[in-house]
Structure formats: C-alpha cells, structure tokens
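Annotated features, as they stand in Swiss-Prot:
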type	residues	note
ZN_FING	16-57	zinc finger
ZN_FING	84-125	zinc finger
BINDING	CYS89, HIS92, CYS111, HIS117	Zn(2+) binding site
COILED	125-169	coiled coil
COILED	204-235	coiled coil
MOD_RES	LYS373	N6-acetyllysine
COMPBIAS	469-481	compositional bias 'Pro residues'
Amino acid sequence: MAWQVSLPELEDRLQCPICLEVFKEPLMLQCGHSYCKGCLVSLSCHLDAELRCPVCRQAVDGSSSLPNVSLARVIEALRLPGDPEPKVCVHHRNPLSLFCEKDQELICGLCGLLGSHQHHPVTPVSTVYSRMKEELAALISELKQEQKKVDELIAKLVNNRTRIVNESDVFSWVIRREFQELHHLVDEEKARCLEGIGGHTRGLVASLDMQLEQAQGTRERLAQAECVLEQFGNEDHHKFIRKFHSMASRAEMPQARPLEGAFSPISFKPGLHQADIKLTVWKRLFRKVLPAPEPLKLDPATAHPLLELSKGNTVVQCGLLAQRRASQPERFDYSTCVLASRGFSCGRHYWEVVVGSKSDWRLGVIKGTASRKGKLNRSPEHGVWLIGLKEGRVYEAFACPRVPLPVAGHPHRIGLYLHYEQGELTFFDADRPDDLRPLYTFQADFQGKLYPILDTCWHERGSNSLPMVLPPPSGPGPLSPEQPTKL
C-alpha cells in the first residue's frame with residue numbers, strides 16, 4: 001500500500017491545535033479530538049467555566065481524558081533518533097510553538113491566548129523557521145557573492161603582486177646586466193687611459209735613460225782624463241814641461257766634455273688633465289652607451305624627382321634635371337626630400353648622416369602620415385622634427401618658433417638619437433665619435449611610426465650639389481662619399 005501523504009504534511013496533521021507543535025503526551029477528549037497533556041492542563045487551570053473543545057466547542061471533562069496511546073506510538077515512530085526535545089515556555093511549561101512578531105520572541109499557545117502577548121501578531125514557529133531559513137539563504141547567497149568578489153580581488157592582488165615581483169626581478173637583472181656592462185666599459189676606458197699614460201711615460205723615461213747613459217759615459221771619460229792628468233803631475237820637471245801641451249790638449253777634447261746647456265727638463269704632459277678625467281671618460285662612454293647605429297637605407301619610392309640615389313641607396317644628392325618617376329602618394333613632389341626605408345614606432349635608436357661641406361641641408365624625422373605633397377610644413381605641429389643649415393652659416397631647429405643654434409665650427413657628421421617612449425629626439429655634432437656634442441633636443445609625444453628624413457635642399461645651380469650620406473654603422477670617422485650616379 002503506497003503512502004499518499006508526505007512526511008512534512010503528516011507532521012502538520014499531528015500538531016496540537018493549541019500549541020501547533022507535534023503532540024507531546026497526547027490526551028483524547030470525549031469528542032474525539034486530541035491535545036497535548038500540558039496544553040490541556042494549562043487551559044483547564046485558566047478557565048473558570050466548563051471546558052469546551054477548542055476545535056468543536058463541545059463541552060468535555062478534561063480530568064477524565066485518556067491518553068491517546070496509538071497517536072503517541074505514531075509520533076514516537078516518526079521522531080528521528082537524537083532529535084532534541086522541544087523547548088518549553090517557562091511560564092506555562094508548554095512547547096514554544098509560536099513567534100511573537102512584535103516582541104520578536106518565542107512563546108507558547110497560552111502566551112498568545114491569555115498571557116502578555118495577547119492580541120500581538122503571532123506566527124507559527126514552522127512558518128517563521130521557513131521564512132528565516134529563506135532570509136538566511138538570501139544572506140548566505142549575498143555573502144557568497146561578496147566572498148566571490150573578495151576572491152576575485154584577492155586573485156587580482158596576488159596576480160598583481162606576482163607581476164610586480166616578476167617585473168622587479170627582470171628589471172633588477174637588467175640593472176645588474178647594464179651596470180656590469182658599464183663596469184666593463186669603465187674598465188676598458190681605465191685600461192685605455194692607463195695604457196696611454198704608460199706608453200707616454202715609457203717614451204719619456206726612455207729618452208731620459210738615453211741622456212743619462214750618455215751623461216754617465218761622459219762622466220767616466222772625464223774621470224779617466226782626470227786620473228791621467230793627476231798621474232802626469234807626478235812626472236819630473238823636464239818631462240812634465242815637454243809633455244804638458246799634448247796632455248792638456250787631450251784633456252780639452254770636445255768628446256770628453258759635457259756640452260753646456262745639453263740638459264733641458266722634460267715635463268710630464270699626458271694630454272689629459274687630472275680634473276678632466278671624469279668628463280673625458282664620460283664623453284667616450286656616452287657614445288658607447290647609445291644604441292648601435294642603425295643600418296639605414298633610403299627609400300627610392302619617396303624621393304623627389306630631382307634627387308639622385310646611389311651606393312645602394314645610402315647616398316643622395318640634388319641633381320640639375322628631374323628624373324622620370326611614377327607619381328605616387330608617398331613621393332615628395334615639391335620639397336627635395338627622401339625618407340629612410342625603415343621607420344620606428346618604439347624603442348631607442350641612433351643613426352648618423354654625413355652632410356659634409358653642404359651649404360644647405362635639413363634632416364630629422366617625420367611622421368609616416370605627414371603630407372608629402374606641396375611644400376613641406378617643417379614644424380612639430382605637422383609631424384616634422386628637423387634641424388638644418390642655411391646659406392652655410394645659420395644653424396636652426398625648426399621648432400615653433402624656429403630656434404637659432406649656436407654651433408661651433410661646421411660639423412660634417414650629424415648624429416640623431418631617438419627615444420620614442422621618452423619623447424625625445426636629440427641631434428649631435430658627431431665629427432668626433434668620442435666627443436658627441438649635443439646640438440638640440442625636441443620634446444614631443446610621438447604617435448605612430450617615425451621615419452628618418454633627409455632634405456638636400458635645392459642644388460643652387462650646382463653650389464649645393466654635394467651629397468648627403470647614410471654611412472655604414474662601422475664606418476670610421478667622417479665619410480667623404482664619391483659623387484653619386486643617377487639611377
């Protein structure tokens with residue numbers, strides 16, 4: 001036979017009508033309804049009139065009510081092992097079956113009917129329990145959501161910490177490597193300086209040793225002559241007089257006398273003043289710590305029709321006649337410019353350009369998106385950063401406004417150092433590799449790819465036809481290129 005009633009529903013049917021809890025020591029009245037023994041006794045004590053069944057309102061005799069043994073056995077069978085006994089009211093000794101919503105406390109049925117909680121809104125404990133369980137579940141869910149957020153935050157913090165530690169380890173390794181390289185370079189310069197001083201010293205000492213050896217030889221010869229003359233002085237009078245002139249002439253031989261004024265003090269002049277050691281070494285190291293020169297070539301597709309490229313697209317000069325070249329967006333059609341075939345969008349880069357004895361030239365970098373049609377707008381606002389020479393005497397930086405540059409002499413080789421992330425483009429007088437002299441520095445927020453640009457300027461009827469050259473990275477000293485040939 002299958003059961004049609006669930007356990008929770010069965011428990012509801014086994015509840016006392018007074019305390020609304022599962023029967024405890026159930027008693028059956030004459031009308032057939034059952035109540036907890038404690039509930040029935042408490043109800044009888046508080047009534048002055050005859051006892052009536054709370055369910056059917058039939059008059060009954062509470063003192064003659066018999067235990068409902070069958071119901072008690074069913075309840076005993078349904079009760080799980082280890083279930084705690086229900087708490088009871090301290091006033092009526094009845095189970096705490098109700099919850100006073102006003103006072104927020106557990107009460108028994110009599111407290112709600114006759115006690116201090118009379119007329120207060122009350123709710124069965126099971127209902128309150130279910131409601132509070134739902135509230136607890138909602139609170140737990142909310143806490144889980146907060147815990148999830150905290151877990152995500154912890155994961156982000158751990159990842160951030162791990163990343164910081166890793167980046168710190170990498171940067172520390174880079175610092176150690178860079179300082180090791182600097183120590184190596186300093187040791188090289190130290191050895192170079194000491195070797196130079198040692199060589200200079202050895203030359204001076206060798207010269208002095210030679211003079212000292214000659215002087216000592218002269219001294220020995222003079223001592224020998226002195227000894228001979230002293231012995232000659234012991235001769236008898238006649239012999240002394242006869243030989244005196246010959247002996248005196250021998251003592252006066254030029255090779256036996258040191259030359260007057262033959263000694264001239266030699267000064268130690270190594271070509272390096274003590275106070276300038278750090279500055280001189282720094283100038284040498286500065287070039288070594290710059291990036292290796294870039295092996296650049298020129299891009300024929302960008303060259304103005306008057307420009308002639310040669311030597312593997314490393315030499316450019318402005319010719320007298322325009323060449324037939326396809327008109328394309330990347331080609332300059334007015335300004336005599338040409339770009340390098342490779343641009344830079346990050347990192348540190350160094351390259352050099354030989355300008356020789358040209359009277360007019362410009363060079364620098366240009367944004368890849370800058371217009372190449374019409375006259376070139378030479379200003380940082382238009383994505384062009386240049387310096388140049390005009391009429392063989394005026395050096396200027398094409399900033400806003402233009403900045404005259406106090407350049408000493410006429411450098412034949414210009415070095416360019418680009419630090420993309422730092423937003424710096426610095427130009428150097430690179431005629432002396434060990435003594436790069438800064439000419440000007442642009443500060444900018446670079447965006448997009450930058451290309452090295454060379455502007456030969458107009459040929460001026462041949463007076464400014466000398467070429468500009470991208471020298472090979474290992475090229476020693478200023479380059480004097482041959483005359484380029486037309487493409």
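Glycine residues also receive a Cβ, built from the backbone N, Cα and C atoms like all the rest.
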Sequence-remote partners of the coiled coil (125-169) [C-beta within less than 8 Å, at least six residues beyond its ends]:
20-21, 96-99, 106
With H, G and I counted as helix, E and B as strand and the rest as coil, say where DSSP puts HIS117 (Zn(2+) binding site).
coil
For the Zn(2+) site given as CYS89, HIS92, CYS111, HIS117, which other residues of the same chain have their Cβ within 8 Å of the site's Cβ centre?
HIS91, ASN94, LEU96, ILE107, CYS108, GLY109, LEU110, GLY112, GLY115, SER116
All chains considered, the count of other Cβ atoms within 10 Å of the Cβ of HIS92 (Zn(2+) binding site) is 22
How many other Cβ atoms are found within 10 Å of the Cβ atom of HIS117 (Zn(2+) binding site), counting all protein chains shown?
21
Taking the Cβ of CYS111 (Zn(2+) binding site) as the reference point, list residues of the same chain whose Cβ is under 8 angstroms away and which are at least six residues distant in sequence.
CYS89, HIS91, HIS92, LEU98, CYS100, HIS117
Work out the three-state DSSP category of CYS111 (Zn(2+) binding site).
helix
Give me the count of other Cβ atoms within 10 A of the Cβ belonging to LYS373 (N6-acetyllysine).
12
Write out how many residues of the zinc finger (16-57) are helix, how many strand and how many coil, based on DSSP.
9 helix, 8 strand, 25 coil
